[in-house]
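Colleague: TrEMBL lists these features:
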- 28-47: transmembrane segment (TRANSMEM)
- 91-114: transmembrane segment (TRANSMEM)
- 126-147: transmembrane segment (TRANSMEM)
- 272-292: transmembrane segment (TRANSMEM)
Amino acid sequence: MPPIENYPMNVQSIESRLSQLKKRQHRVMLLSLSATVIFIVALVASFTQQTLVFSFFDLSQHVEQLHIPVAMGDQLLIHQQPDYFTSLLSWFGWLILKLFVSFFCAFIFVRILKKFKFFQVRFRSLILRFVAWLIGFILIWAGLTYLQYDTKSDETKAVAKLVDYDKTIQQSQIALELKDADTPDVVKDYLLAQTALLHRPVDKDTALPYLTYLVAAERQDPHFMEYGFKPEQLWTMQHQVYGKAVTPLAQSVQKQADQAQKLSEMVKFLCWGLSLLAASIALMFYALALNLKNRAFRIEQKN
């Protein structure tokens, strides 16, 4: 039988090991949550990467921006001509910012709640702590999303106002301004086709006749190349309405589109692989965390 004076030392040693075990369990659970976030990001990226990849080639499968050709001059008073790549970089930057800020600030949110006695009792449950973390993540994400769209440039808001209409495209501000504009009809068709495709929901029926005039003009108008039409934008419009590029100028960027499609498939495969790996790691760490938790519980029960 061990001496009685050794009992305090044994109890202290057990408590020290128990504390280390709980800390290890919390660290492993944090790693599991981190791997889960990577899994979610990779999974979402596998569905959204195509837009980003196409933007590297200044292409898009849907018209998302209004391109004003040089033939218009300053008649529409839109000074900035952003490209798809710049816009996607901005969107991607906001996505990374929202993910990291929401992820880490959600832990701060839980830590603040734990200072209140009401939550101290309930947060003994790991599930309730995770629910609180998830609520904090969603609230912070929503706040940052509001900030993202509230800080849109005046130029972006001006373009949105320019192409907005309710029932017919003739109600749009751009159509009203083009009535008095001293520009060729083909330039007006180019702008109005974009306006119809920028409308939500997409107004393909309205865009079709304007795009038909554009296709005919490219084949018949000897000055067509002088108007400053963007080949990538023509490709996007024709691809969205016809499902393929039908004119030489639009077909000139088909090689870029094919390269973008191949790269997109590779990136999608990598995203799927990363999501599968992250999911496996998350499950492994979660199982390890549960094992550590059960060991700590058994030690507490014995003592």
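The backbone N, Cα and C atoms fix where each Cβ goes, glycine too.
Could you tell me the structural context for the features on the list?
Modeller: Non-local neighbours of the transmembrane segment (28-47) in the same chain are 99, 103, 126, 133, 268, 271-272, 274-275, 278-279, 281-283, 285-286, 288-289, 292; each lies 6+ residues outside the stretch with a CB under 8 Å from one of its CB atoms.
Packing against the transmembrane segment (91-114) from elsewhere in the chain are residues 37, 41, 52, 120, 123, 129, 132-137, 139-141, 144-145, 148: each is 6 or more residues past its ends and has a CB under 8 Å from a CB in it.
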